[in-house]
Amino acid sequence: MSKNSVSFSKIVHKYISGYEELAGGNYPGNNGKHQQKMTESTIQLESTDPAYPNGHPNINAQHTEDNFLVRFLRAPLDFVSPLLISYITWAIILLLVWGLLYCILTTDALPGGSAFNICLLILVAQIFGKAVEYLRLPSLLGMLIAGIFMKNVGLFSVTPGVYEEIVILLREIALTTILIKAGMGLDAAALLKLSFVVIRLALLPCLAETAGASIAAHFILHFPWLWGLLLGFILSAVSPAVVVPTLLELKENGYGNDKSISTLVIAASSVDDIAAISLFGVILGCIFSEGDLTSKIVQGPLEVLIGLAWGLIWGLILACFPNRLDKNVITKRCLMLGSVCSLAVLGSQVIDLAGAGPLGCITTAFIAGVCWKLQGWTHQYVSVPMTI
């Protein structure tokens, strides 16, 4: 081996050693002095090679390439606002998604097509929701305004058939997601303590609002009494999409935790829905004589039992499968929990027991969350509702 080769090997070895020392964490707090000192000593060592008095050309080229690459990568961060970069990123993502949709659906993904209109509605709803949040109002209000606006000005329309089913499916999946977060946010101890309060809070306001609406409809709008009751049960039903996100936000900010207000109202809202839907079915059966009236009356308690049984069984199954030591446990539990709850909500409509689905969804998430906490899975447990 020649003398020049040995000298060059020593130079490279010292250069790499200095780089590893730099990467080892010696430079933080030194304002780049250590890095500058190492670079100067490296250049000095390179120049001592008698074969290359001005430095080895390969190493010099590497220095130039690294410096140019670093400057190129840091340029957006130095001269452009991070918020603007975020907006540009989302714009690129939207273009890529639209390109994929066009490749799959062709004409339906073009402006005016059903798939394009659905995507446009989602985008505009998100923008309106963010705008309303600046007014310290729920984002859902802005999304509702966006839907009403686009529908009435003719910007949103879908062809009957498949795309109408897709819209309904997306709505039910959104409800399922909200109910999962609601179930995992319930406090088991507070729920056991406030069980009778939950029933009173669910039934008394529902019946009182129904009575008031039916009386007003009868004397002001001249509705028959049964039609007035039908309108009353429509108005008295609680919307989980409105109540649950607001209560979860208040809970995260520390409001009402001492008295478990969020747990009380979330649990009562699901029972309220079952009562309103069941009694609506009873009144509807009386008006149009659809089916056996006894079966309509029994339907309410039956939906409660089916929803609770579904949640209890699947909650215990999710506690055992997958194993908590599985390396992909978070992904598997999210997939299983989302699938079970979606099946509860969608399947209950197929068998004409619509009230059982939301209750089964909340109960499943609640039982699974309690079991995961008992297994000592507290830290990872938090990431499940966030992932969903």
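Glycine is no exception: its Cβ is also placed from the backbone N, Cα and C atoms.
Annotated transmembrane segment per TrEMBL: 79-104 (among others), in sequence order. Beyond the transmembrane segment (79-104), the same-chain residues lying 6 or more positions past its ends with a Cβ under 8 Å from any Cβ of the stretch are 110, 115-116, 119, 123.
Taken from TrEMBL, the feature transmembrane segment covers 110-128 (among others).
The feature domain 'Cation/H+ exchanger transmembrane' is assigned by TrEMBL to 122-377.
Look at TrEMBL and you will find 140-160 (among others) tagged as transmembrane segment.
Beyond the ends of the transmembrane segment (166-186), by six or more residues, the same chain brings 118, 158, 240-241, 244-245, 247-248, 251, 262-263, 266-267, 270, 337-338, 341-342, 345-346, 349, 358, 361-366, 368-369, 381, 384-385, 388 to within a C-beta distance below 8 angstroms of the stretch. Look at TrEMBL and you will find 166-186 (among others) tagged as transmembrane segment.
Residues or ranges marked as transmembrane segment by TrEMBL: 198-220 (among others).
Positions annotated as transmembrane segment by TrEMBL: 226-248 (among others). Residues 138, 140, 174-175, 178-179, 181-182, 185, 205-207, 209-218, 261-262, 265-266, 268-270, 272-273, 276-277, 279-280, 283-284, 286-287, 358 of the same chain lie 6+ residues outside the transmembrane segment (226-248) yet bring a C-beta within less than 8 angstroms of a C-beta in it.
Look at TrEMBL and you will find 260-284 (among others) tagged as transmembrane segment.
Residues or ranges marked as transmembrane segment by TrEMBL: 304-322 (among others). Beyond the transmembrane segment (304-322), the same-chain residues lying 6 or more positions past its ends with a Cβ under 8 Å from any Cβ of the stretch are 271, 274, 328-329, 332-333, 336-337, 340, 344, 348, 353, 355-368, 370-372, 375.
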